[in-house]
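Enquirer: Got a structure for you, questions after.
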Amino acid sequence: MAMVDEPLYPIAVLIDELKNEDIQLRLNSIRRLSTIARALGEERTRKELIPFLSDNNDDDDEVLLAMAEELGVFIPYVGGVEYANILLPPLETLCTVEETCVRDKAVDSLCRIGVQMREKDLVEYFIPLVKRLAAGEWFTARVSSCGLFHIAYPSAPETLKTELRTTYSQLCQDDMPMVRRSAATNLGKFAATVEAAHLKADILSIFEDLTQDDQDSVRLLAVEGCAALGKLLEPQDCVTHILPVIVNFSQDKSWRVRYMVANQLYELCEAVGPEATRSDLVPAYVRLLRDNEAEVRIAAAGKVTKFCRILNPELAIQQILPFVKELSTDSSQHVRSALASVIMGMAPVLGKDATIEQLLPIFLSLLKDEFPDVRLNIISKLDQVNQVIGIDLLSQSLLPAIVELAEDRHWRVRLAIIEYIPLLASQLGVGFFDDKLGSLCMQWLNDKVYSIRDAAANNVKRLAEEFGPDWAMQHIVPQVLDMINNPHYLYRMTILHAISLLAPVLGSEITCSKLLPVVINASKDRVPNIKFNVAKVLQSVIPIVDQSVVEKMIRPCLVELSEDPDVDVRSFASQALQSIEQVMMSS
């Protein structure tokens, strides 16, 4: 009897757990659907499990989301693509629920299944499903249907194709803005599957309706459609149909629509060709750079380098650069910050002479900006300008900005500048660095904020890697080792951390002669935290130095620490001694 009942057990567990009051049990059960399906076998999965799931779709959104996700990969468990249509009913129901993320996941899963389905099954099962959803009484079904047309359309016979295009057109004129939004979002994907002849006749008329929608949320999604359609049409058709729309959108009464245009404009330049770009898109872009809404100016400023790359340098200098200068003194710090993050990329586009004459004054004014993020954005992209004009011209203005940022009262600003110091060091060269920035790097090791001290220790290591052990021995090591006598134990700990980072870079000889004596001396410190950090540093240098040094200097120190009154000191010292034994055994 037990043998007969056993196959029923998984489905019984599933049903019990799916009806359990505890949501976590129901979730776990849904996430184990594939295991249960394997236990049941393909036939029983088709006949029992899938109908059961179709009937049990009135649950928490979290459970329904997991169900929608699981069903998308369920084709192997129902017997392969010939039975894929079995999975459509439960997903169709999930496409009508109120929660957006469940509907979106159900549409994703239907698309995954639809791509694998046989053509005759698509015509028999998938296309009717799309039509049912598109005619749904409740708006949620109609919203979901828009994301399925691009799967259904290619396999449809000619008569059905005409019907699908008409249906999509009706969805674009739906009473509910949410449906029109979904239609606008998916128009590009649907258009990509439509034949060229119908693209101009049907899709462009649908697109024009969306661009004149009274809801700005629909119009701004139509802007994305401009870029998608632009790639599908011939340049001449782009100029005729898409260009006027974009030019109108760049003057739309809603700032959100203008914001989308500012983000997408450079993509359309390629679609319409150089002539239309010069005559129509450049003036539209200039309007966006001067928009009265800061958000639009931020989006436009962030794309200035990409836009200039499409134009020739003369056009960029004549028509774009004057307004870039305006933006560099914009009243909004966020606009200036967006400009600073990309303006350095204009140097390679404009060439050396134009960069020195036109861009350099803008860089310098942004380097003196009162807002730290603006200055940081310029300094972080310095290498792009350095390649074009060399560092000499920049360094005179650069230094005051770096010093100011290095001493900024906000610790996150100080942290950001530390991270750029190795990059600056490699660009400025060792001579400039020694004169101007060396003392700053030492100053950060004594900062009040731990994150700054930790970053400063890493910075010292990266500088030693950049300029080599001999330079580090002359300019870093003596100053770092002097700081081990700082009266505050936290600063002494930072120096121990810096030593552990420097040792692998400087090599065995300098470690033994200069660093080790300082670390061993620190083991006599009265603060336990220093002593157990000494044990950690000694453990890290064991692989770097010779065995004789380990026996002569490191082991006696660790033996002494292993008898310390403090339990943590003893623990770390014992770990380090074990490391010595392991190294000896392996050698």
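Counting begins at 1 with the first residue displayed.
Glycine is no exception: its Cβ is also placed from the backbone N, Cα and C atoms.
So TrEMBL lists these for the protein:
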| type | residues | note |
| --- | --- | --- |
| REPEAT | 10-48 | repeat 'HEAT' |
| REPEAT | 164-202 | repeat 'HEAT' |
| REPEAT | 203-241 | repeat 'HEAT' |
| REPEAT | 242-280 | repeat 'HEAT' |
| REPEAT | 281-319 | repeat 'HEAT' |
| REPEAT | 320-358 | repeat 'HEAT' |
| REPEAT | 359-397 | repeat 'HEAT' |
| REPEAT | 398-436 | repeat 'HEAT' |
| REPEAT | 476-514 | repeat 'HEAT' |
| REPEAT | 515-553 | repeat 'HEAT' |
| REPEAT | 554-587 | repeat 'HEAT' |
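Each of the listed features needs to be described in terms of its position in the shown structure.
Expert: Across the residues of the repeat 'HEAT' (164-202), the predicted structure has a mean pLDDT of 82.
Long-range contacts of the repeat 'HEAT' (203-241) within its own chain (CB-CB distance under 8 A, at least 6 residues past either end) are made by residues 165, 168-169, 172-173, 177, 180-181, 183-185, 187-192, 194, 248-249, 252-254, 256-257, 259-261, 264, 267-268, 271-273, 276.
Panel annotation: around the repeat 'HEAT' (242-280), residues 207-208, 211, 216-217, 219-220, 222-224, 226-227, 229-231, 233, 235, 287-288, 291, 293, 295-296, 299-300, 303, 306-307, 310-311, 315 of the same chain, lying at least six beyond its termini, place a Cβ under 8 Å from a Cβ of the stretch.
The DSSP breakdown of the repeat 'HEAT' (281-319) into helical (H, G, I), extended (E, B) and coil residues amounts to 32 helix, 0 strand, 7 coil.
Only residues 6 or more beyond the boundaries of the repeat 'HEAT' (320-358), in the same chain, are considered here, and those with a CB under 8 A from a CB of the stretch are 282, 285-286, 289-290, 294, 297-299, 301-309, 311, 313, 365-366, 369, 371, 373-375, 377-378, 381-382, 384-385, 387-389, 393.
Residues 441-442, 445-446, 450, 453-454, 456-458, 460-461, 463-465, 469, 521-522, 525, 527, 529-530, 533-534, 536-537, 540-541, 544-546, 549, 553 of the same chain lie 6 or more positions beyond the ends of the repeat 'HEAT' (476-514) yet place their CB under 8 Å from a CB of it.
Same-chain neighbours of the repeat 'HEAT' (515-553): 477, 481, 484, 489, 492-493, 496-497, 499-500, 502-504, 506-508, 560-561, 564, 566, 568-569, 571-573, 575-576, 579-580, 583-584, 587, counting only residues six or more beyond its ends whose CB sits under 8 Å from a CB of the stretch.
Same-chain neighbours of the repeat 'HEAT' (554-587): 516, 520, 523, 528, 531-532, 534-536, 538-539, 541-543, 545, 547, counting only residues six or more beyond its ends whose CB sits under 8 Å from a CB of the stretch.
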Enquirer: For the repeat 'HEAT' (476-514), what are the DSSP-based totals of helix, strand and coil residues?
Expert: 34 helix, 0 strand, 5 coil
